[in-house]
Structures are given as C-alpha cells and as structure tokens.
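Per TrEMBL, the features are:
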- 62-103: repeat 'WD' (REPEAT)
- 104-145: repeat 'WD' (REPEAT)
- 188-221: repeat 'WD' (REPEAT)
- 326-367: repeat 'WD' (REPEAT)
Amino acid sequence: IFFRYLVFISMAPKGVVHLLVLLLHVTFSGASYPKWPSMVSLLGTMVVSATMVTGRQVWRLEGGHKGRVRCVAWSPDGSKIASGSEDLTVHMWDVQTGTSLYTLYGHHKRIRGLDFSPDGSELVTIADDHHVNFWKTSDGTLLRSYPGHSKYWSIDWSPDGTLIALGVNNGQVHLMDPKTGDKVGILRGKHYLEVMAVRFSSDSKLVGSAGKDSMACVWNVTDPANGWAVHHLGQYDGPVNTIAFSPDGTLFGFGGMEGDTLPIYSVETGAMETIIDGHYGTLDLSWNPRGDVIAHGGMQNLVWLSKSKFVKNRGWDHSRDVESGLRGHDKSIEALAYSPDGTQLVSASGDKTLKIWNVETGAVVKTLAAKTVLISEHPRENDEDEL
C-alpha cells in the first residue's frame, strides 16, 4: 500500500497568500491510507510530504528567489552580488560562500533594476511601484525612498557618484541627485516608448539609452539640466533591450529580444564599426573591464562571450572562442555583470537562479538559488493514522 502527496504553500510579502495544492501521485489497494496532513504554517514557502512508510516531513525554501530574476549587479569591491526579482525582493549574496546575506523587502511590485554606488556603500533599486529606494549595503537598512510620478524601467548610477539615470515609460530619461532625490535633468525628444535600459560611460559624461521604439541614443550630460543627444540611431529589429559602453568610452553597442545582431558603434563619429551576429533575442550585454570581450545573452538561454577587440588603425580582430555559449540555465538570460577584476561573470535568469561563471574556462563556479531546508518531521504512528 503506497500513498504520496505534496502540498505547496507560498506566501507573498504583506500576507498575500497564493495556495496551490497538487496531488502528484496516488497508488493504493484496500482501504488503508494516512490522514491528510495538517498545515503547519503559512509563512515562507513550504513543502509538506507524506508517505505510509516515513510519515510527514515539512520543508521550506530559503535563501533565494521564488520568481524570475530580472536584474543583477556586482559590488565594486567584488565581495557581493545584488539581484532583483519578480518575487518583489532583492537579495544580497556573498560571492565567496554563494549564500544570501539578507533579503530586502520594501517594494510592492516586481523589481526592475538596481545598481551599487561607486564606493559600494549603498544600493539603489527601482520597481513597478514607482519608488526609488536606497539601501545600506552593510546590513540592508533602508536609507531613503523617493516616490516617482512615472514608471521606471531601468537605472544606472554614474561612476563619479553624482547622478542616477532612470529610464521612464514615457520615453524620457530622468537624471536624479542620489543624495536628495531631486530631478536635476530630463533627456527627452528622441524616444516615444519605454526606455528599456540606461548606461553611463566610464567618465560619466555620456548616457546611453535603449528604447522599446527600436531606437538607441547617446546623450551628453556634462550639464545635466541641458543634456542633449549626441547620436540617435534606429530602426533596430524590434525593441532595444540593452546598451553598453566599452570601458575606454570609445565604443557602444546595443541589442534586443527580436533582433539577431549586436551592432557596435563609434562614440566619436556615430558610425558602425562592426556587427556581432548569429545570436537571436539579446536581453543584456556587458563589456569586460579590459574591453576585449562582450558578454551577451537572452532568449536562447545561453551566455555568449564574443572576443572581438578593436585595435586602432587595424580594425576589428574577430576571434570568438566560445562558439557554443555557456550552458546551464533553463530559461532566458535576463541580466549580466562582470566581476571588477573581469575573471568572473554573473548571469541572472528566468529560471529563478543566478550563476557565477569562470570566464576563462566557461565553468560554473557557483549557482545562487533557494535551498530546501527540513524544518520538521513527524513519523508515522502505526494504525492510529489509518482510517
């Protein structure tokens, strides 16, 4: 006689309960089977299992995301990784151990973006609740929260620490003072749909923006109140989901989920320098600190490393070593970030996990994910549990 069932109970922040009871497998003969197990708790994410042989066990998922991981950032000192998810939470991870140091609860809708301050002391986050939150990275304390009147889609903190760029659903890019929350500039007139990504150049003088309207733009923000478009490029094949500058600030590239190319342009002239092609559905790209490798990934569930280096007066040297891509995720690659020393890369995925990769070997160093922890066990009590 054998009977097995699972009860999955999850509870979102602020007490909103999502209850799913799934009877996976029932096999029995005769009239003997155990009673329905009691529901021990409605806190966190629970798994209750029971069998005729072992009795009942209660498990909990801890230390990871329960939804799609939308954004990721590596701390300037290389010791931490921050990730944001559709489960409304932000996790701060210890790179050495691969464990979640703490979870940030404060947004009421899915997390859209995040970034560290240049000195690593603060983390800024945005979500669909229109709030911009600032957190102390040492212990997760909420320092400041600024409500916005618009929905923010993307965010980046300038390398010099003086500005935060916010991509807005109305096609604008807002420039914020991180200390006061004041809006010190608005970049407008080039995008007419959501700004999916924003990124500063290494000298903090330029902002790149990627639009759902198939446009990419580069803005001069040396005078934030009077920022102006240096380059306005389009039409791309579908929405532009990501944009990034090379570390030396001479190049920028962008891509999107409906295109199969990554065009690379000169910042100085606005002319196209090369195209990385053959990879459909790019959701994010990131240049390594040396500037000789571009990591990109998206709808193919793979992380690609394109080793294409631009050498002055000699053109492009195309030598992509990793033709098959880095395999390990089961769903789309949502976001990428290099470690400060460039030896590792972290990827965030729709499969609810993050992976840290050794970029030299392509091996997975660590997987950052929720872990199942046994919290209680109830042995079967002979005939008393039978009907």
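The backbone N, Cα and C atoms fix where each Cβ goes, glycine too.
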PLDDT averaged over the residues of the repeat 'WD' (326-367): 96
DSSP-assigned states of the repeat 'WD' (326-367) in counts, ordered helix, strand, coil: 0 helix, 22 strand, 20 coil
